[in-house]
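Undergrad: Before I ask anything, here is the structure I am working with.
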Amino acid sequence: MTNKRKISTFIRYFFYGIVLVFFLWAFIQGHFSIIFEQTDEFLRLLRQHVLLVLVSSLLAVGIAIPAGILVTRPAFRKLEWPVLNLANLGQTIPSIAILALVMTYLGIGFNSAVFALFVFSILPVLRNTVAGLNSVDPALKDAAKGMGFTSSQILFKVEMPNAAYPIMAGIRTAMVMNVGSAALAYLVGGGGLGDFIFTGIVMQSQEYLISGAVPVTLLAICIDFLLRFIEKITVSKGLRRSAETAEAS
Amino acid sequence: MIEFKNVTKTYDGKVNAVDDVSFTVPQGNIAVFLGPSGCGKTTLLRMVNRLVPITKGEIFIDGEQTNSLNEIQLRRNIGYVIQSNGLFPNMTIEDNVTVVPKLLGWDKEKMRNRFFELMELIGLKPDDFRKRYPHELSGGQQQRIGIARAMAADPPVMLMDEPFGALDPIIRSHLQKEFLQIQKEVQKTILFVSHDIDEAITMGDQVAIFKDGRLMQYDAPDDILANPANEFVSTFVGSDRAIKSLGLHTVADLVNQLKVTPVAADSRQISLKTDLRQILSIFFNEGYEELVVVDEEKKPMGSITIQDVQKYLHQTNQSA
Ligand SMILES: Nc1ncnc2c1ncn2[C@@H]1O[C@H](COP(=O)(O)OP(=O)(O)OP(=O)(O)O)[C@@H](O)[C@H]1O
Ligand SMILES: [Mg+2]
């Protein structure tokens with residue numbers, strides 16, 4: 001298990017290494033020139049990109065976690081299947097098709113882009129919340145109930161903390177994915193770094209392409225790091241061993 | 001005191017998992033629920049803290065009907081231990097142990113003191129365990145913590161569902177003895193589920209034997225061994241029940257009842273506290289003709305033979 005974990009960590013850092021080498025090479029070639037020539041524009045797009053990701057992810061987390069909690073309550077069990085399938089549907093429709101649909105019915109602009117991103121990211125969070133809550137040992141809930149925990153105490157002191165690892169992993173997956181998908185926001189007039197990338201495609205300009213694509217990649221890596229850090233402080237140490245085995249396998 | 005009055009449980013309108021059961025467990029006693037798998041022991045136990053609703057009948061704790069109480073308050077006043085210990089993996093050992101006091105709103109100081117007290121009681125060093133997590137403990141240690149947690153708010157009543165069931169036999173018998181020692185101090189009224197007759201004899205002041213949800217016999221262990229109420233009980237306790245009953249008596253009991261012969265020859269010495277089942281195995285395994293009984297100061301009091309044990313067994317079985 002620890003070997004597997006070492007290998008997966010190694011692969012991750014190896015990947016970071018490649019990105020770094022590429023980054024240096026592109027820098028020396030002057031492919032980042034757009035960032036320096038149009039710094040204000042770059043910062044505006046970057047801010048927009050981050051905002052797209054944050055707003056859509058927060059919305060997704062804000063809806064998916066309560067929904068996940070709801071469908072795992074005994075009284076609402078029957079909803080688990082239809083709700084998960086609905087979320088699955090959101091995932092199976094190709095991104096481009098969702099963008100087309102959103103554009104048709106909501107018009108263009110920031111809000112449309114946020115809505116499309118929100119639809120993409122609901123599923124990973126919802127699925128992991130439901131799976132996490134379902135994986136909490138029933139004996140724990142029984143012990144808690146038998147000791148006089150109220151239903152909400154069982155939820156917040158037993159179920160959520162013990163499901164924290166998969167839930168956090170779901171959020172991380174959704175947000176990292178979202179950084180990439182947000183590059184498509186440009187297509188529905190949502191702005192973001194996709195602006196540079198699509199300009200680069202149209203103009204066949206390496207400078208535009210790289211000045212857009214590399215910051216998107218770095219942003220994804222930063223968010224991944226940040227969320228791994230948040231995971232470390234929010235998930236109890238007592239769960240770490242089982243969490244590590246789960247991650248490596 | 002816990003009183004069961006015509007208690008019945010029917011799951012989904014099918015057969016009765018518990019069928020018209022009535023008996024009383026006196027204050028400070030351990031009553032063991034014994035019987036084959038599926039006979040309703042767990043169901044009956046869980047009706048006491050209302051994890052399972054009662055279909056018919058009533059349960060009283062110290063004269064108060066459980067159904068008349070708030071169920072959350074009721075449960076906080078009853079210690080609950082289960083086989084798989086149910087420790088919360090996300091909490092430290094200290095947080096696990098003080099979980100009920102925290103629900104009850106104790107202050108930090110009081111909880112900390114209680115934690116230290118309980119850890120001493122179960123024989124684990126508080127400072128070594130305070131900050132550790134359940135997965136860092138052995139099965140036996142986890143089970144001890146589970147018991148400490150159930151006792152944390154000092155509830156007068158404890159429910160224990162096969163608390164030592166998942167442990168290997170050596171650790172199990174160690175924890176049984178240790179727990180009886182603790183019980184001597186704390187004097188709780190305890191309902192204890194087991195499907196092991198030896199455990200029931202060791203742990204119980206009373207043993208309740210069930211079959212298909214019905215109470216077959218409710219008596220002290222030696223009464224059950226000496227006078228099984230029916231065929232089922234007698235088969236369940238086993239044909240070696242006479243030998244089992246010896247485990248309930250010590251050399252001191254025998255010496256009180258029979259005259260010991262003066263010491264004739266030098267032989268192996270035995271203390272007054274040894275139980276007679278052990279004495280029997282010493283006779284068989286080590287091949288002595290007689291054993292020398294010594295008092296607390298190791299002064300020889302007299303010697304006993306295997307015939308004395310036999311005679312004692314006959315006399316007690318007739319009087320029981
Ligand atoms: N939630 C439930 N729904 C329906 N039937 C149940 C339920 N719980 C228990 N039963 C049934 O009630 C009967 C008694 O079960 P119980 O768990 O009390 O047995 P037990 O004596 O504790 O057995 P074991 O020694 O195996 O733990 C069994 O026939 C069981 O199938
Ligand atoms: Mg049971």
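Each residue's number is its place along the chain shown, starting with 1.
Using N, Cα and C of the backbone, Cβ positions are placed for all residues, glycine too.
Since the structure is predicted, the reported quantities are computational estimates derived from the model, not experimental observations.
Not my notes, these are from TrEMBL:
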| type | residues | note |
| --- | --- | --- |
| DOMAIN | A:46-227 | domain 'ABC transmembrane type-1' |
| TRANSMEM | A:13-36 | transmembrane segment |
| TRANSMEM | A:48-71 | transmembrane segment |
| TRANSMEM | A:83-102 | transmembrane segment |
| TRANSMEM | A:108-126 | transmembrane segment |
| TRANSMEM | A:182-202 | transmembrane segment |
| TRANSMEM | A:208-230 | transmembrane segment |
Undergrad: If we skip the immediate neighbours and take only residues 6+ beyond the ends of the transmembrane segment (A:208-230), which ones have a Cβ under 8 Å from one of its Cβ atoms?
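TA: Distant contacts of the transmembrane segment (A:208-230): 16, 19, 22-23, 26, 31-35, 42, 45-46, 49-50, 53, 168, 171-172, 175-176, 179-180, 182-183, 193-197, 199-201.
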Undergrad: Take the transmembrane segment (A:182-202) and find every residue of the same chain, 6 or more past its ends, with a Cβ under 8 Å from one of its Cβ atoms.
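TA: Same-chain contacts beyond the ends: 34, 42, 45-46, 48-49, 52-53, 56, 95-96, 99, 102-103, 108-110, 112-114, 116-117, 208-213, 215-216, 219.
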Undergrad: Are there residues at least six beyond either end of the transmembrane segment (A:108-126) with Cβ under 8 Å to its Cβ atoms? List them, or say none.
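TA: For the transmembrane segment (A:108-126), the sequence-distant neighbours (Cβ-Cβ under 8 Å, at least 6 residues beyond its ends) are 48, 52-53, 55-57, 59-61, 63-65, 67-68, 83-84, 87-88, 90-91, 95, 98-99, 102, 167, 170-171, 173-175, 177-178, 181-182, 184-185, 188-192.
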Undergrad: Could you pull out which residues elsewhere in the chain have a CB under 8 Å from any CB of the transmembrane segment (A:83-102), counting only those six or more residues past its ends?
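TA: The answer is 64, 67, 71, 112-113, 115-116, 119-120, 122-123, 126-127, 130, 181, 184, 187-188.
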